[in-house]
């Protein structure tokens, strides 16, 4: 099925999305009224899916790359009805600065890794630390990538857990069991997240998803 062309003022009927991309959305467990940050939001599919799960009080979609930002805006214009536009903010900030710009603001946080320009693990860690600053105590952070690379997946999360005393991993084994008929997960490394592996008949992924919680400071 081909994707529909963008037409100003016209809502599209469907969005083509890799099924594995829904896992980070489901992992966030979004509830009505919550404040959500999508740190690397382009092309916008996960933001659209989030709005189908609940009615957030505020959804901040950020994308630093100017070309991908244009893509993000077109996606939101094509799929978000007017009554929801007022709860969405789109920005073009360096994700590493978000934590200082909006400290402890958000209830839920999605940090995805798609574009090649940010594939270095050191930069991924900087983005995650910024996301942690922007997350309120008790809030959830979901980190996802579209790679099989251990250095960009489990190693990044382990480094964050070892260096941030206020961040705890959230067990995702229940999600893996619930979704096991539709996805194939890597048998190892699940203590730091889930890794979807494409295989015949289940051509979804790759997709790595880790879920972290920011604890309250004493």
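Using the three backbone atoms N, Cα and C, a Cβ is placed for every residue, glycine included.
Small disclaimer: the values here were computed from a predicted structure and weren't measured.
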Further binder of S-adenosyl-L-methionine named by TrEMBL next to 40, 41, 42, 43, 44, 45, 46, taken from the candidates 29, 63, 77: 63
Most Cβ neighbours inside 10 Å, all chains, among the binding-site residues 43, 44, 45: 44
Integer Å distance between the CA atoms belonging to residue 45 (S-adenosyl-L-methionine binding site) and residue 146 (active site, nucleophile): 14
Local Cβ density at residue 42 (S-adenosyl-L-methionine binding site) - other Cβ atoms counted within 10 Å: 25
